[in-house]
Amino acid sequence: MTKFIFVTGGVVSSLGKGITAASLGRLLKDRGLKVTIQKFDPYLNVDPGTMSPYQHGEVFVTDDGAETDLDLGHYERFIDINLNKYSNVTAGKVYSHVLKKERRGDYLGGTVQVIPHITNEIKERLLLAGESTNADVVITEIGGTTGDIESLPFIEAIRQIRSDLGRENVMYVHCTLLPYIKAAGEMKTKPTQHSVKELRGLGIQPDLIVVRTEYEMTQDLKDKIALFCDINKESVIECRDASSLYEIPLQLSAQDMDDIVIKRLDLDAKYETQLDEWQYLLDTVNSLDGTITIGLVGKYVSLQDAYLSVVESLKHAGYPLKKDVVVKWIDSGEVNDNNVEDYLKDVDGILVPGGFGFRASEGKIAAIKYARENNVPYFGICLGMQLATVEFARNVLGLEGAHSAELNPSTPYPIIDLLPEQKDIEDLGGTLRLGLYPCKIKENTLAHQIYDAVNIEERHRHRYEFNNEFREQLEANGMVFSGTSPDGRLVEMVEIPENDFYIACQFHPEFLSRPNRPQPIFKSFVEAAYKHQNK
């Protein structure tokens with residue numbers, strides 16, 4: 001029987017519910033349990049795919065092509081699992097599906113209501129997360145804060161699921177804040193008490209309370225929270241502010257959180273707590289010596305969460321070198337051919353990540369040109385690959401006005417264009433090439449050296465492709481098409497052997513990097529940047 005753990009939050013947002021859920025997932029996985037994890041988002045968008053990065057941050061893509069919340073990236077990296085489309089459920093997706101059923105007549109003319117129709121749809125998606133993965137445990141984070149109007153159907157659904165499945169199969173974890181009042185010189189439990197009171201008013205009694213705090217809690221404070229919130233003293237878990245996110249699983253384990261959960265749900269743990277690998281990772285992070293600077297040239301740099309997985313992947317790649325990879329954030333809207341050297345002269349490597357739209361594209365092209373001409377290690381992702389071919393066409397082939405048809409529909413040289421089957425599609429949502437696709441790598445190339453394989457799979461999120469009408473011209477002038485779809489039709493990777501390190505890919509390798517297992521291209525790129533630094 002699959003067990004379900006629900007993680008809610010109170011008092012304020014940004015308490016770290018996602019990191020708490022991911023850390024618990026890691027602890028349970030290390031005890032030999034099969035874990036999956038899920039995020040409920042109360043917003044009415046069907047998914048974040050068409051939301052502005054300034055609103056939402058990064059869109060994280062799963063193997064099966066779901067466009068999801070960036071928290072799923074934390075989940076995958078912490079627990080080291082690959083999630084699926086059932087791991088991110090939005091209110092928009094739930095309501096949309098219920099309304100489609102109503103239009104089809106599935107409800108036989110009945111009145112469609114939040115209870116039971118919306119709550120039943122939510123519960124169905126809860127169960128699908130477990131069924132689709134055959135998990136021992138499903139951990140579900142409820143977005144928002146207890147008492148938010150938009151979260152109420154989700155709270156009601158997880159209340160009902162306890163009766164549906166039995167108390168022994170369901171557990172509630174509530175994250176709260178323990179603020180420190182400087183004038184009084186003490187921490188206050190009242191916000192936690194009121195948050196739990198609000199949750200209990202909605203029919204949920206938490207089994208565990210995870211308290212976010214700046215300072216170490218006294219036993220008296222824990223006892224007080226336990227008394228007023230009606231839980232066991234050992235079920236009050238302190239989560240202190242940490243210099244590294246990787247400390248959190250160790251903090252929770254030190255307070256036996258995994259043991260409490262295993263006992264409460266009667267789980268069959270195969271191993272005792274074993275966090276040696278995680279401790280080694282944390283020791284590595286805390287002993288980094290020296291830095292490697294990567295210039296990230298993008299249009300959304302004012303909200304760094306827009307590139308969260310890219311930055312995490314760069315950090316992962318620095319760990320084997322015992323180096324801290326520092327990102328220099330460069331707004332491509334500010335860059336041009338005249339000032340590009342001012343922005344990039346002190347970086348060890350240049351990365352142009354994915355993106356959409358014409359704005360600030362010329363600044364990215366200027367950065368790519370600088371990298372190519374000055375032999376600075378270059379790594380392009382998605383749009384960063386597309387613009388690499390555009391820059392090469394303009395400045396090596398001399399095709400003046402060459403561009404992507406997405407960014408300039410009237411370009412005389414559409415180096416990047418839509419596939420014929422995409423040209424009649426008008427909707428933006430869910431119409432990209434999404435998810436895990438195979439790539440065939442050409443032997444005796446940098447790509448082959450990096451992966452040490454001919455056949456790989458990586459995650460994608462794009463609509464436009466390299467236009468094969470220009471492939472021969474670019475190849476004749478020194479660009480190598482080192483990765484393609486298995487049928488050779490779609491370009492997946494390009495490189496310039498003349499440079500020390502110049503590679504770009506159509507896919508998004510950042511979605512498969514792990515703290516203890518850096519993604520191969522990122523690892524090679526950071527190594528090349530380190531060599532460049534020491535030239």
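Including glycine, each Cβ sits where the backbone N, Cα and C put it.
Residues TYR54, LEU383, GLY384, MET385, GLN386, GLU406, ARG463 are recorded by Swiss-Prot as L-glutamine binders, and the candidate that the same record lists for that site, out of GLY355, GLY357, GLY435, GLY488, is GLY355. With SER14, LEU15, GLY16, LYS17, GLY18, ILE19, ARG240, ASP241, ALA242 listed by Swiss-Prot as binding ATP, the candidate from ASP69, ASP71, ASP80 annotated for that site turns out to be ASP71.
Around GLY355 (L-glutamine binding site), a 10 Å sphere centred on its CB holds 22 further CB atoms from the protein chains shown.
A coil conformation is recorded for GLY355 (L-glutamine binding site) in the three-state DSSP classification, outside any helix or strand. Looking at GLY18 (ATP binding site) and LYS224 (UTP binding site), their Cα atoms lie 26 Å from each other. Whole-number maximum of the Cα to Cα distances across the L-glutamine-binding residues TYR54, GLY355, LEU383, GLY384, MET385, GLN386, GLU406, ARG463: 23 angstrom. By neighbour count, meaning other C-beta atoms within 10 Å, the densest spot among the binding-site residues THR192, GLN386 is GLN386.
The Cβ of ASP71 (ATP binding site) has 23 other Cβ atoms within 10 Å, all protein chains considered.
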